Structure formats: structure tokens, C-alpha cells
Amino acid sequence: MNSLQSLCVLCARLNECALDLECLKFCDPVIVLSDMANFKKNGIVILHLYQTFFEGIKEQNLLCASALTVYMQVLLKAMYEQVLLLDAALESFMVDQDRKKYFEKVLCLRRCAEHLSINISLNNGVEFIVQLSTLNDIEQLISKINSVYALLLPQEGLQICGKIIDLLTIMCGACMVAKPESYLETKTCMKCYEELTLTPNQGKSLRRRLHGKFCNHLTEQKAFFNIEKNIETIEKDLGEAILNYGTVQSVATEIKKIFKQQRSAESLHVSDAEKTLKKYNIFSKVPDVIYSLSEFTYWSKISETIVRNVAITLQQLNSCHTLYKQLQNDVSLYLYGEVSEDFLALSENLLTHDERLYVGSIYVSPSRLIDLVTGLSIKNLEESPIFKRLAEEDEVQHKIKSLLHDIRDPQTTETPGRLNTINCMLQTHNLQQEVLARKKAYFQKVSESGYNRVMACIREQESLINKVVSVNVYGNFIFEALSKIMNGFVLRKMYLDGSFRVDSCTYDEHLYIKNNLMPKKLPLELLPDLSEIMYTLLTGPLSDFHKSAYPLPANISMAYGCDHAEMLPHMKEDLARCIEGTIHPSVWMVCEYNEFFNFSGVTDVNDMQKKMWNFIRELTLSVALYNDVFGKRLKIVRIDEEGDLSGNVVLTFNHESPLLFHTGGGMTKFKDVYSLLYCDLQAQLSRETVDVPEGVSYSVRTPNLLDLVRENEQDGSIIPGCLFDE
């Protein structure tokens with residue numbers, strides 16, 4: 001077992017312990033005190049694990065972070081603080097015996113620490129404050145950091161990530177079950193954008209496609225079914241002695257009786273149709289009427305799923321809750337000699353009837369509540385005179401019944417055919433009957449349209465309630481995104497702290513390259529590829545759709561990153577125009593000597609972004625023009641690119657050393673693009689220089705047209721001899 005596998009095993013065991021620790025917060029403190037020895041023993045184990053692993057994992061995240069190590073840092077710190085808080089609260093409860101004060105202290109009800117104001121400072125001193133209070137705010141901040149990734153100093157970026165981890169420790173706590181107030185289910189994340197890239201947009205904008213979508217990445221929904229029906233499992237766990245105590249056995253029997261009353265799953269006409277269809281198979285001669293019956297039976301089953309038949313009522317849920325509570329009290333009397341008063345028992349009397357419906361019960365699965373709410377909504381709809389169609393027999397059911405009647409009692413007389421043209425022309429036109437028929441058809445159409453809209457609304461609200469009421473756990477996307485951003489800043493910090501040679505080029509070398517490139521023009525056919533290179537350099541480490549298994553163009557990755565960071569449309573237009581480029585160097589050669597990636601004097605974030613785009617454009621187009629003029633193959637790579645970086649221009653985004661280039665003596669840092677290009681040109685010339693021994697002379701022959709003549713063409717028939725140099 002390697003270290004990563006060992007860390008995964010430790011994380012799994014810590015999760016198991018964290019769930020038990022979280023449940024203790026809601027338990028009756030008297031019950032916890034009755035087994036205080038085990039609590040102390042497990043608490044010592046948690047303290048030992050914290051002291052053993054926490055600092056090492058924290059250092060690991062500052063070198064090479066992963067979603068697992070970031071989560072482990074959050075989990076260990078939260079469990080450590082939770083154990084100390086529980087121990088202090090239990091000590092106070094032993095003195096005052098006040099359950100209300102105990103729960104206020106354990107659950108932190110008198111204070112809210114799940115808010116954070118982060119002061120972000122860019123590399124030129126521009127500062128602004130960001131307020132964080134939910135997981136969506138954290139994810140949105142990470143997306144915005146990804147958008148201005150190049151404008152943040154690596155130390156500042158790592159400091160911000162550290163504050164986010166501290167907030168996640170407070171917000172998530174020791175348990176992965178998400179608090180309802182810690183997230184907004186209707187706000188999408190970057191992962192939602194990534195999912196939409198795999199499906200066609202059908203001409204719809206991204207914002208329209210995201211409208212009404214519920215995010216299941218920051219918090220993942222977990223479905224729990226039939227919790228209330230696990231009475232058999234509870235009986236096995238209680239044992240024979242507890243079952244024979246008081247009314248335990250009788251209460252368990254009453255709970256079993258509640259859910260024995262089930263409604264019929266199918267309508268009567270569907271059952272009759274299926275009995276008739278069983279007589280036919282693929283080898284039978286199937287009449288047309290049987291084929292029609294089969295088709296209508298299929299559509300009838302599909303339509304019945306729209307209106308859900310809820311197999312449980314509100315009265316049954318209330319009875320179930322009351323009986324389970326009585327069972328809990330009886331078991332508590334047997335084990336501890338008194339009725340337990342946990343947090344839920346103390347706060348139950350404070351809830352209204354509507355609040356109880358949405359808060360639910362610990363004895364009933366959330367899916368039951370969702371079915372109940374949906375059923376009550378549809379029942380209320382049925383009582384409306386406008387939508388009586390819900391309670392009436394629909395056309396599919398009527399057609400199935402008529403087909404069954406025709407099969408059982410076939411008619412001997414043929415149905416009258418359609419009247420011929422002459423008879424139709426001779427018939428008297430009944431205007432009143434036609435008006436009534438058209439009015440009925442119009443009302444039917446309006447009713448169906450309204451019905452479909454109402455049912456679509458019910459389904460949408462059902463999805464929302466399902467997300468809110470069901471159990472949600474914290475997803476791993478927030479930890480993955482945070483680890484990617486941290487690794488980018490860590491890599492930049494390594495290059496910032498590294499010892500590199502300083503370029504020895506002067507202003508004359510800068511001017512030499514610039515003067516050689518300025519009169520030239522960039523080939524027009526290179527601009528599309530150069531635009532993709534610029535988008536690749538500007539895209540933050542989080543928007544890596546162009547590196548995925550199904551890669552997208554770099555401009556799409558940049559567009560999704562800008563959209564989710566909520567960049568204004570006019571800024572996106574400025575970015576697109578800047579990246580388009582031009583073949584004339586006088587337009588984009590604007591950087592002064594040793595001023596590359598220098599933002600001094602800029603006091604606005606938007607202006608800083610525009611200046612950064614101009615820097616990247618000048619770097620990309622200058623290198624491309626240099627390659628075209630001098631016949632080079634120099635490439636620009638980011639520091640987070642995989643592979644060998646030697647021989648390429650390395651872009652670090654650091655203010656002190658924005659460019660690195662590997663020369664013969666090692667890495668050299670540059671703050672000027674054209675000095676770097678001169679260094680590459682000089683290194684190439686030095687490699688091509690050959691030392692000539694003393695006393696050896698070479699005569700250089702003047703080239704002439706005879707060098708191009710084939711052997712069989714030297715007779716002068718093709719190239720006149722007068723053109724040859726004698």
C-alpha cells in the first residue's frame with residue numbers, strides 16, 4: 001500500500017468518526033455523559049491524529065495540493081475543534097444541567113462565524129474586498145481568481161487560498177452533510193458549464209441553458225428511501241430484552257400496520273388490456289385492433305407517470321412520527337432510566353404546521369415528504385374547475401375501453417364509410433353545430449396548454465423541493481478547483497524564489513531586434529493560430545477545457561472562464577479585439593525597455609486586464625515575427641506546461657521575472673521580450689561559429705548560374721552562355 005492509498009484509508013476512517021462526532025452534537029448530553037469514557041478515548045485519538053498529520057498535510061498543500069489533501073486539512077482541523085468544543089460544553093453541562101445552554105454552545109447558535117471578508121491585493125497595489133458567506137461565493141471567488149490569475153502575486157494567491165480553507169473548515173465542520181444555509185441550489189458552478197459543453201446548444205445561449213438548472217456539484221444530493229419501513233432492522237438491533245419491555249413490541253407492530261395499505265399501482269382498464277394482450281406473441285397473427293390496443297396501453301402507462309399516485313398520506317406520516325417517538329422514549333427509559341431530550345425534541349414545539357412539513361422527521365425519509373408535497377399540489381389542482389380534466393377520464397383511457405368492447409362484442413354491421421363528394425355537397429350545412437365544435441376544440445386546446453404549463457411548473461418545483469429537502473453532502477469540486485489554483489501559485493512561487501541569472505543585454509540589443517522587426521509584416525495566415533496561442537496563455541489553471549479528454553478550442557475555454565467569472569460584455573469584446581491581432585508591428589509593439597509585465601501607474605482592475613492582454617499579444621506576435629524573419633522555431637510555454645521547458649520562452653506571470661529562457665549556462669530571467677530574442681539569436685550564432693586553425697585559408701567561390709544547370713544541359717541550349725560569369 002503506497003502513501004496515497006494509506007491517506008485514502010485514513011480519510012475514510014476519519015469520515016466515519018466525523019459522522020458519529022456530528023451526531024453527538026444533537027444528542028441528549030445526559031446520554032453522552034453516561035458513556036464519557038469512550039468519548040474521552042476517541043477524543044484523545046482525534047487529538048493524536050491532528051498533531052501527527054495536520055502540519056504535514058498543510059505543508060504538502062503548499063508544495064503540491066490535491067483535492068484529497070485539501071479536504072484532509074479541512075477535516076482534521078474541524079474534528080479537532082469539534083472535540084474541544086464538545087468537551088468544554090459537557091463540562092459546563094455537568095455544572096449547570098442546562099440543556100438549552102449546552103445546545104447553544106455546541107451548535108454555535110448565538111454567533112455566526114460563517115462569513116468572511118477577504119482583502120485582495122493585486123501586484124501593483126490595487127486592493128478590493130470580497131464578501132463570502134456560502135459555498136457558491138467561494139466557488140465564484142475561485143473563478144474570479146482564475147480570471148485574474150496573472151495579476152496576483154503567488155504569495156498573495158496562496159494567502160487567499162489559505163483563508164478560503166479556514167472558512168471551509170468553519171462552514172463544512174466535521175461532517176460532510178451540507179447545511180441548508182451554506183449553499184444556493186439554484187446557482188450554477190463551473191462544472192455545470194463543463195457539462196453543457198458535451199451537449200448541443202440547439203441555438204440557445206449559455207445563460208438561457210443554465211436558467212432553472214440545479215447545481216449538484218458543490219453539494220451532491222443523496223437519496224434515502226423507506227427509512228420509516230426499516231422497523232424489522234430496528235427490532236433485530238434492539239434484541240429480545242428491550243422488545244419485551246413496556247410497549248416496545250406493540251408500538252413496533254403498529255408501525256408495521258401503517259404502510260400495509262397501498263393503493264393499486266395501475267388502473268383497471270390497463271389491467272384488462274394487459275390480460276387481453278397476453279394471448280398474443282410474436283408468432284401470433286395480430287389483428288389491427290390488438291396492435292392499436294397495445295399502442296394505447298403503452299401511452300396510457302406513460303401518461304400515468306405525470307400525475308403521481310402518492311401511496312402515503314399526511315395522517316400516516318404523522319402517525320409514523322408519533323409511534324417512532326414513543327418507541328424512542330421507551331428504549332431510552334430502558335437504557336438510561338429517563339426520556340431523552342435531544343435538540344430536535346426541544347425545538348419541535350417551536351415549529352408551525354407548515355414548517356414541520358418542510359423540516360420533516362428523522363423517522364421519515366425525505367422522498368416521502370416530497371411525494372406528499374407533490375400529491376397535495378396536484379390534489380389542489382384537481383379541485384380547480386379550470387382543470388377538471390385531471391380528474392376525468394382522458395381520451396387514451398376511453399379509446400382503450402372502446403377497443404376492449406369491440407374485441408369482446410364485435411359488431412356485425414360495418415361502420416358507415418365516408419360520404420362521397422356529391423353527398424357532402426348536398427348536405428345542409430349546420431352552422432350552429434360547427435361553431436360549437438370549434439369552440440369545444442379551442443377550449444380543449446387552451447385547457448391542454450394550461451394543463452401542460454401547470455404540470456411543468458409542478459415538476460420544476462418538485463425538483464427544487466427534492467434538492468432542498470433531501471440530504472446533500474459537500475461535493476469534491478470545490479476542493480478540486482481550490483487545489484488547481486493553489487498548484488498554479490505554488491509553481492509560480494517556486495520560479496519566483498529560484499536563483500536565475502539576470503540578462504546582460506543592454507538597450508542596444510533591445511533596439512537591434514526591435515528595429516529589425518518593425519519594418520516587417522506578420523504573415524496574415526498565422527493570425528488564427530496565434531490567437532489560439534494567446535488564449536492558451538491567458539486562460540487560468542481552472543479553465544482547462546482545452547486539455548480535457550474531449551478538448552475544446554482555447555477560445556471556448558477562455559469564454560467559459562470569462563462567463564462564469566461574470567466578466568462584463570464590453571470587456572469580453574475588448575479581449576476579442578485585442579486577441580484578433582494585426583500584421584503591422586507598430587500597432588502591438590508598445591512595451592518599453594525592461595517594462596514587460598509592469599503595471600505601475602494603473603489603478604483599475606479593468607485597465608490592468610487590458611494591459612495584461614496587450615503584453616501577451618506583444619509577446620506572442622513578436623516571437624512569431626522573429627521566427628518568420630530569422631527562420632527560428634521558438635515557442636512560448638507556460639510554467640505549468642508538462643514536458644521539457646528548455647529551448648522555449650517560459651511565461652511565469654511574475655512581476656520580477658516574467659520571462660525565463662534556458663541558455664548555455666542555465667535559466668536566465670528577462671523583463672524585456674526583445675532582449676530575450678537577441679539572447680536566442682546570439683546563442684544560435686555562437687553555435688554555428690566554427691573555429692578555423694591558424695595557417696589554413698579558405699577561398700569563397702562566387703555563386704553563378706552554372707550551379708543550377710543539370711549535367712545534360714551544359715551545352716548552352718537552355719541557358720545562354722552569355723549569362724554565365726566567366
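Note: Cβ is positioned from N, Cα and C throughout, glycine not excepted.
Per Swiss-Prot, the feature ATP binding site maps to Tyr626, Asn627, Asp628, Val629, Phe630, Gly631, Lys632, Arg633. Of all Cβ atoms in the protein chains displayed, 7 besides its own lie within 10 Å of the Cβ of Arg633 (ATP binding site).
Predicted-model confidence for the zinc finger (189-217) is 81, expressed as mean pLDDT. Marked as zinc finger by Swiss-Prot: 189-217.
In the shown protein chains, 15 other C-beta atoms lie within 10 A of the C-beta of Phe630 (ATP binding site). Other Cβ atoms within 10 Å of the Cβ of Gly631 (ATP binding site), summed over all protein chains shown, number 8. Within the same chain, residues at least 6 positions away in sequence whose Cβ sits under 8 Å from that of Asp628 (ATP binding site) are Lys520, Leu522, Pro523, Leu526. Classification of Tyr626 (ATP binding site) by DSSP places it within a helix. Neighbours of the ATP site: apart from Tyr626, Asn627, Asp628, Val629, Phe630, Gly631, Lys632, Arg633, residues of the same chain with C-beta atoms within 8 angstroms of the site's C-beta centroid are Leu625, Leu634. Packing around Asn627 (ATP binding site) is summarised by its Cβ count: 15 other Cβ atoms lie within 10 angstroms of its Cβ, all protein chains included. All protein chains shown were included, and the count of other CB atoms within 10 Å of the CB of Val629 (ATP binding site) stands at 14.
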